[in-house]
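J.: The following block contains the structure, expressed as structure tokens.
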């Protein structure tokens, strides 16, 4: 397959709540409808996939990972790895966190890929899949098995297999059968993974993790195709690596110390090695350079993924915050380089290996067929036991007849050869008269025998001529084969009828499903139509609501001065202007109360709004464009996690413009002058606060809606947790029920064994009593013998020894019987123990079922609660819409309220004459509040500017440090080049001196005498050696100066990294300068306004002419500023604490769910171990029961000896298999040459074989060669007599020997084809033929088939009798030939599992 570049995706996470609170700017944006990303002002990068901050997990998976899963099923290796700085969302994207406590919408890549893989497996029923899982962690450059924590790090090694793939030796691979098994292993591994808390991330990954899924797929059946070729099942093993890299860290930001600091060093070193590999592979200038895979273990593990044979996707996660600008820029640069890396994916399918597997599978089938054949023969012999002698006699007679006929044919062949030889000899050699007479008698006798054989005998039609004689055995064999094949055909017909019935049932089910699908399609269309109508209505209502909200916002922002009647000046007096009032920051995400003015209500209610559809959509598009820019400038994040709840996002997106309009234009409606004069007038206050109460009601509805949404999310988490626990409990209950069944079964076996052993105990007790009696009698006899005085001392000693032996034997027997009695009692008590354990397990199962019932009840309650919350949210949304639509109707009350205010002013104007003073007081308060707001905003801008300046100073200092280091390296490079040039000059001068000395020495050598010539020649040789060494030094120095290789490779690489770091810092400084300039320009304008306001303040305060008021006002002003600033800081801290509390609660929930999951997993593993123990106990009891408790030790010893023998056989067969695999190519090449020979014979007009039959015989050649190899290795077994007549001999020499001269011509007998063979070939063919049964005539040489003219070959008759294909017949015949040998099946002859 051709090389393809790896796919690179970039995902931008949204701003975190903490970043939003601290007003971090967004420096990374994606360009909509393109695969480009902008960082800073003008840096644009293009990638294969770009996902913005609103992207969902499903979008990332379906776009990037789903094609990789399909490639995995096809047989390719795949890899996905997440790259980026710490806290950028890598673990969240990959899905390596707490998977048990995550809702379905937020699941990462790994859970979704697992579900996709098992769905693909269920869709391929014709393929047998085996899934294995491993989970490895690279922590501090040490490998760690997360699925087997007891495995030592020293036992895990990175190696390369015979195919060049990187593997981890010693890692545990767990075979799984369902999604739940994989998720359980993933959860176990995630719980054991190293994580920690830093200042940048609460759940920071402290190691690299690699989760590998291995898929092995094998075809379930292998059948012959219609064209006669063998259809081999493919054996494919593919792997999918999910790599979660640890993020790059900076100690200044993370604040790591101690152990965390050491972890950061190791993480950064591994990522640096990975960056070097990406640079070496992705930089076209470094194509020929060495790729440093061995610098770190993570790069060694990713060798196949980067520049190897796998399909790879790299997901780069970046942070949009301006504080992470340089890290994001470096990550994007590495991702851009990675796009130049090219892999060469290869399919993990080897036809040669699969051919070997196919052959091993065929051997297995043949052995099974042989065993079934032998079983049928044994069954037939059992059913017809009375006819066995007759059948054996008939069988022996048939074998004798076949042997005699074969001998007859052999003699006949010899006679024919001798006849031809004597005919030639008669003409060539002169014989005497007596010899000629004997030869003539022999010729006449031979002719008479021929005529007698050719003449048909009366009453015997079966042997009518010479042709039928040698073929009698063939007819018998063909009849047997025909009967056997008819039985096989009948069995196949039964299978075919069953399959047809199943197919008919499936067709009927498909028809029913098609009808159901049609009905569903009709109902779906109707539902879509209704949904479309409802959506159109909702869109129209929402457009109307948005239009009204914008009108209200416009009215609130205009704030016109209204004229009112004053109390002292009559109806033409003007009311004071509305005073802007700063509202406190609300704790519920910035919702403010907005109270419109009275004139706005008049304008809104003057006429009902009527809009055309075009105007509505035009306004909607305009508002959308404005809102997009506004949202990008002032983005607000309401929760830290990525949200897949589209309804929530829509509702929040609709609320954001209104929230901001209220926060920026919040105006409190002041009371009139009369309200300041008389505060006891409740009627006027109620009328003026009518709309205020309506807005407060709207605010409370919004707060309740947010609270309900939060409750809804919590309810979803609880529901998912309960469902997960229910699934786990169901599995545990099922496993415990199976364990109870095993315990009951073990108890029953134990009871039967205990009954058996109770009888045995009584028997043993009786034997023990007898042994004791014998012992006492023997002691008495011994004492009597010692008491007697025997004259023969030798006899006495002999009798004493015999009695002592008897006593020792009796004591030993008593001890053995007592031990057996104790063992029998222990076995008898086993059933009681099993009953106790079974009762305990039943109680445990009842408890689990009770928990399941409680969970189901809780699940129903949570479902009802969720439904209620959904209804409340919808009801609140409806109420909000109604309040927004009916807001204009309340404005009709304002004229009435305004008249009431005027009446109250007119009524109160008599007693009070200081209305102007009150108005001035209101104006002063309003003015002071405005000045306070200006100063606060000014101070906030100044603080942000100071922060930006500090960040810029830090970046500049870092840049200066890098520049210093770069200048140091450049100076070193310059000094080195100067030193090299100086050395070159010195070497050149020295070379010139050496040339002069050599010339002088050569002259001296010519003129010097013979004695001095030796010394001078030695000096000349030394000078020449020095000259050559200096010449090499000068060449190396010149080469370094020419190519600029002054520094070491490490220093060159460091210089390259410094240049890149300086470039990134310059870009960050440029971005900071731009933001600082913007802030400075805004501050300049605000400073000007502030200076003008200060002059106005001074003028107004001077006009007051009261020193006390001036001092009070300044104190009040400073106090208000300090209080407001402290309040703002308090609110900021409060929100930060709330976020931390929320994060801690989420962490506690995750840990609790993980703990519960691990507890259930431990219980499950314990149950499995108990079940295995009970099965072993059953096997042990079965052995006790079968062997009656005797010979257990002997049986175990036999088993151990057998295991050792099998291990030896296994080693031998492995070696033999390797040798046969190497020698497999030779028979294939011989078969090809043999086919060419047959084709040449066919072209010559022999009529020996056609190409189709040649292909058939080539298959038989392979089987014959394999059988011969087995025989030569000394592993041949004896031939089974029951099926020896069905064997197939090898055709290697027989067919090749037959040529055009093998057929009889003009009645003469052809010479023997054995003359064409060498002596070695004859010996080998003869030995192999003797090891086989008598061959069928159709496979004999052509000379034995066509000895007379006009006789057709027997193979034509065989083809007419056969009703199956030639290939299948050949395979079955070869299977019978290869399967007759009683060779014990070993593990190597089973299909290997890789």
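Backbone N, Cα and C atoms are what each Cβ position is placed from, and that goes for glycine too.
So Swiss-Prot lists the following for this protein:
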{"type": "DOMAIN", "residues": "5-341", "note": "domain 'Kinesin motor'"}
{"type": "BINDING", "residues": "84, 85, 86, 87, 88, 89, 90, 91", "note": "ATP binding site"}
{"type": "COILED", "residues": "352-418", "note": "coiled coil"}
{"type": "COILED", "residues": "493-554", "note": "coiled coil"}
{"type": "REGION", "residues": "551-583", "note": "region 'Disordered'"}
{"type": "COMPBIAS", "residues": "555-565", "note": "compositional bias 'Polar residues'"}
{"type": "COMPBIAS", "residues": "571-580", "note": "compositional bias 'Basic and acidic residues'"}
{"type": "REGION", "residues": "642-664", "note": "region 'Disordered'"}
{"type": "MOD_RES", "residues": "643", "note": "phosphoserine"}
{"type": "MOD_RES", "residues": "646", "note": "phosphoserine"}
{"type": "MOD_RES", "residues": "672", "note": "phosphoserine"}
{"type": "MOD_RES", "residues": "675", "note": "phosphoserine"}
{"type": "MOD_RES", "residues": "704", "note": "phosphoserine"}
{"type": "COILED", "residues": "709-980", "note": "coiled coil"}
{"type": "MOD_RES", "residues": "999", "note": "phosphoserine"}
{"type": "COILED", "residues": "1010-1078", "note": "coiled coil"}
{"type": "COILED", "residues": "1118-1152", "note": "coiled coil"}
{"type": "COILED", "residues": "1187-1226", "note": "coiled coil"}
{"type": "COMPBIAS", "residues": "1267-1280", "note": "compositional bias 'Basic and acidic residues'"}
{"type": "REGION", "residues": "1267-1340", "note": "region 'Disordered'"}
{"type": "COMPBIAS", "residues": "1281-1295", "note": "compositional bias 'Polar residues'"}
{"type": "COMPBIAS", "residues": "1310-1320", "note": "compositional bias 'Polar residues'"}
{"type": "MOD_RES", "residues": "1365", "note": "phosphoserine"}
{"type": "REGION", "residues": "1375-1394", "note": "region 'Disordered'"}
{"type": "MOD_RES", "residues": "1387", "note": "phosphoserine"}
J.: To the nearest whole angstrom, state the Cα distance for the pair residue 84 (ATP binding site) and residue 999 (phosphoserine).
T.: 68
J.: Out of these recorded positions, 86, 88, 91, 704, 999, which one has the fewest other C-beta atoms within 10 Å of its own C-beta?
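T.: Among the recorded positions 86, 88, 91, 704, 999, the lowest count of other Cβ atoms within 10 Å belongs to 999.
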J.: If you measure residue 90 (ATP binding site) to residue 999 (phosphoserine) at Cα, how many Å is it?
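T.: So the Cα of residue 999 (phosphoserine) lies 74 Å away from that of residue 90 (ATP binding site).
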J.: Quick one: average pLDDT across the coiled coil (709-980), no decimals.
T.: 71
J.: Output the one of 84, 87, 89 that, of all these binding-site residues, has the highest number of other Cβ atoms within 10 Å of its Cβ.
T.: 84
J.: Provide the number of Cβ atoms within 10 Å of the Cβ of residue 85 (ATP binding site), excluding the reference atom itself.
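T.: Excluding its own Cβ, the number within 10 Å is 24.
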J.: Return the count of C-beta atoms lying within 10 angstroms of the C-beta of residue 90 (ATP binding site), excluding that atom itself.
T.: 26
J.: Work through the binding-site residues one by one (85, 86, 87, 89, 91) and name whichever has its CA nearest to the CA of residue 999 (phosphoserine).
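T.: That would be 85, the closest of 85, 86, 87, 89, 91 to residue 999 (phosphoserine).
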J.: How long is the line from the C-alpha of residue 87 (ATP binding site) to the C-alpha of residue 704 (phosphoserine), rounded to the nearest angstrom?
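T.: With the alpha carbons as reference points, the distance is 32 Å.
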J.: I want to verify one value. Collapsing DSSP to three states, which class is residue 89 (ATP binding site)?
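T.: Coil, per DSSP.
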J.: Could you tell me the C-alpha distance between residue 89 (ATP binding site) and residue 704 (phosphoserine) in angstrom, no decimals?
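T.: Distance between the two Cα atoms comes out at 31 Å.
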J.: Between the Cα atoms of residue 91 (ATP binding site) and residue 704 (phosphoserine), find the distance and write it as a whole number of Å.
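T.: Pair distance, Cα basis, whole Å: 34 Å.
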